[in-house]
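Following: one structure in structure tokens, then a few remarks.
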């Protein structure tokens, strides 16, 4: 948004016009409101971003464009941001502006052509042609590619045009006849870097990278697929790409190469290909269905010869599994898998899917040491060399004693297939890495909060190992927050610090954390000496506090956490690494960095808080200690002394060494093999059990409570001593596999007193473990307990919560607040990016003395399915519903639910549990027990883990799809040949669709599940990919395919039932009381007598209490109130009529007693009941509304009758409106096929019933009766219809005939003269309320039903087919 010159809008504001002719808005003064106006940068649908124009609200409205709601939302958002700026602090505004600037930089890249993928000559409307290029834009998916004018593209991006031309004319495309695919050449060592490697020879391989390249080439020549397992940071990506480029240039093997990499490293792989192998045509096969369709159409092969265009495909695991049928149809010269440790489970779908690919060579790349068992190592070896490592049992038998006798035999067998090297071994120029643990004391406020948290959770802690592990974890997390900073435990309002001077605010921040006090001294000294620093923390809110501190200290910094996305992240990294950058610090989230981040320009790493898993901290250190680093890397790990944090670090080091890493060295290469798992039952995210957590919580707690509470002096530290020790050089671990231990140089700094950590641990080991009663003093416990009781009593008398407070409680989804007592201490506050519950929740759940609160049960009490999270279970259940006989299609379910890495055995176990519980719940609800006697037994749901599952819905889905499994062949080859052998109704799609397409659709559903239309479209074997999901405007789309599939499934189920001799169960109907034709009550014959009607099918008109039976109300009545009002009005009418009405029976009553209601008549078929549906679907209602728009006046006349007309005229007018409305309905229904006519006739009459007190059945019956009488009048009157007297006489006769059709009418025959009739009607009208519109309408309704007036003559030729002769 901007303020621009008035009228400077439209095409003259595009970037290419401005570059050629200058900016017409130049010199504009935004403050001059008279000559300027608000303008908005508009992205036009179907046009690329280079065609964006600045528009004002007036120009947009003048063009009458669609999508104005987007502009309204944008303006609304700008107003909200403007209001927020007035309330927010300067730090928040600065951060927002930084993010906005980075976002604008990202948007600018949308104007750059990344790749031209096609060209065409488009015919112009006025004659001639226009040459165009199909352009893929930078940072945007292929789906956003657009056709652009060739002149414009050639002028702005001539290099991309040249690259496109060279790709189109290239002869270096894949061929199956390449000789080296069948016979590998003899190996020749490469002693110098080839000239073609590295763009313009500006990139050079290091010695160890040349060795790695030679090893890869040697393995390929020996026909050995291999695993490259170098440590992170040694350039595995570069070595791999250079290997492919060697095959391309030296062996003339042009592919195709399939590279499967994580999405997070996709950009890095693209960049490295451009730099190291520029001649390889690499296509990134990612994106949605539309993007992948465009790639297959324009980037995959030449249209003329079907030869492959590309040399290498970059894709992800997820896309590969979605399109595995398509990708598996090609023969790949080389399969490359990055992050290959994801293939460690040989029972996972990902493993099995990739293993089936036809590949000539396989290369696995992993930088993560294998972690758990020898079988995982065998799984990788079996993947690359299935014939060499065929049997796991044999492999295990050969090496079962390796742990005791040594790994020499195993090394000898693995040497040709695995290469693992570490930085300290191969990169001698890489400086040393020195790590120190700096123990710091807590400040006085931290000690106070730490004691509060322990005391407050006393009832949960005293349970010890009997308590909930989740409760212990929550308490540990709260204590870790307190160790970092007091503000994480009890947040203060921002204004309390914003109003302070800078020095006072910094001092207040420092008093809240002993770590921050040490960090302040350390950073000041590091900045003076020219160092650059990386600061890591797990907690996002801690990064916020550090950012505030750095800003107030005026230290320039960058920040990277999970909220900062890919392109913005790249810009922050580039800014920090830029030559001459003034950035001093880089704040990083420990887990958000991911692989591929290079911050080698920094030489100091500060780990503010340690991760549960030391492996994550090692990866954090590697951000600076990697190739390109020229200085010694100093690593400072800050640990709060005598706290849970100190014990966690020590235990995590020991446990990770015992459970995970055993790295063995052989010759000059490192080989990764593993001992069998120690059955500890822990995970990498939480490597501690209950005993560990209980001991961690007790560590240092007793001494903390014994400290002199009056000693509130804040600590002071000697920074010179810290820096002196940091200069000590660490030569690296001497023992193999000792990277995790690192032989830390431990420095302990205490502020009040000096204590040896080893002595403290020795003393603790000698003592018996103390109980929490001995650790927390009794007086402290009593004080906290009294405070909690007092707060509980206050809560009882608190007024209702304000609306904004409720909103705050609801903020963030279902995040749970702390229970009573949490607010005071703030230890239950969430927001650090940790997925935890409040510690007090665990306390409440563990406290047996308190009554159980209603609501969701605690997480610790919920069932947990081993190996699956609730989110994974939810996806599994959703996919489970899509398949017939789902336990036979577990591989397809795993792919659909994105559970490809789960073993099929675990998936089968989960499926069986789901199936068993569904059957159990349905059997329970089918057989009511004594306990459920007297109440409804409608429980149809059950819990699978923490996921609720509707058993009835699940069973219904399985029942719908069950016939598919019995009907279709079991093998895919037979299914592709299989054809439906019965006729189906036309599909009415915009493409040609026949029985063969229906057969392929069912085969696709069998294989990929109901609703997986994208996967079916992708599978070329079904040959319907070009017919379905073509574009948004053409059928069939997903909803049309869903309807067609449901129809076909019903058909095959019906056929199977007939084949098996099953008959469809029908609902029992009441026996008909008479044998008369079903049309008797709809179209009455003129000769019928009142007596006949009284005796046919009529039950006693009295109820059990002797009262008159009230007419039933249609199911379309929206509320019971309407029904009551109708009953009251009807009762008043009956009372007003007196004894004359007691014997009257209405035709609709008789229909309710066994005779069907309105019928649908056709010339060739028997009459069918007109089904009157319930409330219409909103979309159907809107369609009905549009169809009935031509008779809008007639509908209004029904809704608002003219009160000045007499009742006779009112009846006549109503019948005329009904005739007009019915004619319109018949016209609308004619457009539908016979199978849908009945449904739409019901829908439209139901729509009309909303304008009257009549229901749909009554309206349709009256309409058909009017048509019959009009037809009879026309036949009787002949050509004398124009005679007014004759018409009046016919009117008079019709009235008499209608009178004879009154049900059970015992009243005296009315007078034949109109004068007597009008006189009687006037007397009746005096008895009713003339101003009551509904009462008047009720009289009209009664007249219409009794047939006391004949409708006006109408031309009803269109309705002759519905009249029964």
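Cβ atoms here come from the backbone N, Cα and C positions, even for glycine.
For 111-176, the entry in Swiss-Prot reads domain 'Chromo 2'.
In the predicted model, residues of the domain 'Helicase ATP-binding' (217-387) average a pLDDT of 87. The annotation domain 'Helicase ATP-binding' is assigned in Swiss-Prot to 217-387.
What Swiss-Prot lists as ATP binding site is 230, 231, 232, 233, 234, 235, 236, 237. Other C-beta atoms found within 10 angstroms of the C-beta of residue 235 (ATP binding site) number 20, with every protein chain shown included.
For 338-341, the entry in Swiss-Prot reads motif 'DEAH box'. Per-class residue totals from DSSP over the motif 'DEAH box' (338-341), listed helix then strand then coil: 2 helix, 1 strand, 1 coil.
Look at Swiss-Prot and you will find 518-669 tagged as domain 'Helicase C-terminal'.
Annotation source Swiss-Prot lists region 'Disordered' at 795-868 (among others).
Annotated compositional bias 'Acidic residues' per Swiss-Prot: 824-846, in sequence order.
Here Swiss-Prot flags 1058-1163 (among others) as region 'Disordered'.
If you look up Swiss-Prot, you'll see 1061-1072 marked as compositional bias 'Basic residues'.
What Swiss-Prot records for 1073-1082 (among others) is compositional bias 'Basic and acidic residues'.
Under the heading compositional bias 'Basic and acidic residues', Swiss-Prot lists 1090-1125 (among others).
Feature annotation from Swiss-Prot assigns compositional bias 'Basic and acidic residues' to 1132-1141 (among others).
Among the features that Swiss-Prot reports, compositional bias 'Basic and acidic residues' is placed at 1271-1284 (among others).
Swiss-Prot lists 1271-1365 (among others) with the feature region 'Disordered'.
Marked as compositional bias 'Low complexity' by Swiss-Prot: 1287-1296.
The compositional bias 'Basic and acidic residues' annotation in Swiss-Prot covers 1309-1335 (among others).
Take the binding-site residues 232, 234: by the count of other Cβ atoms within 10 Å of each Cβ, the lowest one is 232. Listed as Cβ neighbours of the motif 'DEAH box' (338-341) (distance under 8 Å, sequence separation of 6 or more from its ends, same chain) are residues 227, 237, 259-262, 265, 269, 364-366, 368, 370, 380. Note: the ATP site is recorded as 230, 231, 232, 233, 234, 235, 236, 237; in the same chain, 367 also have Cβ atoms within 8 Å of that site's Cβ centroid. DSSP classifies residue 235 (ATP binding site) as coil under the three-state reduction. The binding-site residues in question are 230, 236, and the one with the fewest Cβ neighbours inside 10 Å is 236. According to its DSSP assignment, residue 230 (ATP binding site) is coil. Here the Cβ of residue 231 (ATP binding site) has 21 other Cβ atoms within 10 Å, regardless of which shown protein chain they belong to. Around the Cβ of residue 233 (ATP binding site), a 10 Å sphere holds 23 further Cβ atoms from the protein chains shown. If you draw a 10 Å sphere around the CB of residue 237 (ATP binding site), it holds 22 other CB atoms from the protein chains shown.
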